[in-house]
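Chemist: Here's the feature list from Swiss-Prot:
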MOD_RES   A2  N-acetylalanine
BINDING   D54, H56, D82  Mn(2+) 1 binding site
BINDING   D82, N114, H164, H238  Mn(2+) 2 binding site
ACT_SITE  H115  active site, proton donor
Amino acid sequence: MAEISDLDRQIEQLRRCELIKESEVKALCAKAREILVEESNVQRVDSPVTVCGDIHGQFYDLKELFRVGGDVPETNYLFMGDFVDRGFYSVETFLLLLALKVRYPDRITLIRGNHESRQITQVYGFYDECLRKYGSVTVWRYCTEIFDYLSLSAIIDGKIFCVHGGLSPSIQTLDQIRTIDRKQEVPHDGPMCDLLWSDPEDTTGWGVSPRGAGYLFGSDVVAQFNAANDIDMICRAHQLVMEGYKWHFNETVLTVWSAPNYCYRCGNVAAILELDEHLQKDFIIFEAAPQETRGIPSKKPVADYFL
């Protein structure tokens, strides 16, 4: 059991927001790949479970989330993507979640967000952070390879469909999602792209997305999809909501946002959704971790001046 104790040590280190060695990242990603490759594009998840939205590298707020929601493995978690970018601690955030996944594979489910992509992370911070913290892009490469193995969606008790963004005009059934070859960079268009990029909109049918990827989808589209797949609701993340969660279309779509005071300046609260074994819902609202518990670095860490 040397591997488990190694992993437990790494988890403790990461919980303290301390980096693990590049060689340890390589080994962790290799183990994660073995687990993730077995998961479905529509990963089955059993209740009770706590569902979480975007985290975006806000490590101390992820610790706050675990403080209010309970730790892994006591609490069963589903994270709906966007672990990295924009926050100061994308590396520690993603590696902690990945280490927990390897240690407790049945107690934490990670699905892919639009930021789990090589192209997006080169623009929004994760690439630069890996380079700064490890002195090379190797760790970024290991992590982005793992992104390709993450599930595209999850289904809780066959009734609640969870996806990062939303629906696609190319997809009417969950079986169609199951046939996608997900082990690739997020494409610029098509069903896999849409699942990670789309947003609900107070309209009917499909609309052009201002994001430049995915679509806007209306209440009629949701009603058809939910009926065709015998599901009660769609749970998704992807959009900042100031109250932490927001219902759409007569409670058939739910947005959950789990990064409080987003980008350290938006002033929003965050939420997680607790589902019991009967799928009864309980929202936990939380605020950003108190200032004194987080060493927020200056925008440009000191190391840069000496490199």
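Glycine too: its Cβ is placed from the backbone N, Cα and C atoms.
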Chemist: Within 8 Å of the Cβ centre of D54, H56, D82, which other residues of the chain have their Cβ, at the recorded Mn(2+) 1 site?
Modeler: G53, I55, G57, G81, F83, V84, D85, R86, G113, H115, A237, S258, A259
Chemist: Tell me, in order along the sequence, which recorded positions from A2, N114, H115, H164 have their CA within 10 Å of H56 (Mn(2+) 1 binding site).
Modeler: H115
Chemist: Measuring Cα to Cα, how far is H238 (Mn(2+) 2 binding site) from H115 (active site, proton donor) in Å?
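Modeler: On Cα coordinates alone, these residues lie 10 Å apart.
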Chemist: Find the one among the recorded positions A2, D54, D82, H164 whose C-alpha lies closest to that of H115 (active site, proton donor).
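Modeler: Ranked by Cα distance from H115 (active site, proton donor), first place goes to D82.
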Chemist: Could you state the whole-number distance in Å separating the C-alpha atoms of H164 (Mn(2+) 2 binding site) and A2 (N-acetylalanine)?
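Modeler: That comes out at 36 Å between the alpha carbons.
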Chemist: Measure the Cβ-based neighbour count of N114 (Mn(2+) 2 binding site), defined as the other Cβ atoms within 10 Å of its Cβ.
Modeler: 24
Chemist: If one looks at the chain holding D54 (Mn(2+) 1 binding site), which residues at least 6 apart in sequence have a CB under 8 angstroms from its CB?
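Modeler: Same-chain residues close to D54 (Mn(2+) 1 binding site) (Cβ under 8 Å, separated by 6 or more) are M80, G81, D82, G113, A237, H238, L240, W257, S258, A259.
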Chemist: Let me check the 10 A CB neighbour count of A2 (N-acetylalanine). How many other CB atoms are there?
Modeler: 6
Chemist: Give the sequence-ordered set of same-chain residues, not counting D82, N114, H164, H238, with Cβ within 8 Å of the centre of the Cβ atoms defining the Mn(2+) 2 site.
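Modeler: Those within range, site residues removed, are D54, M80, G81, G113, H115, G165, L196, W197, A237.
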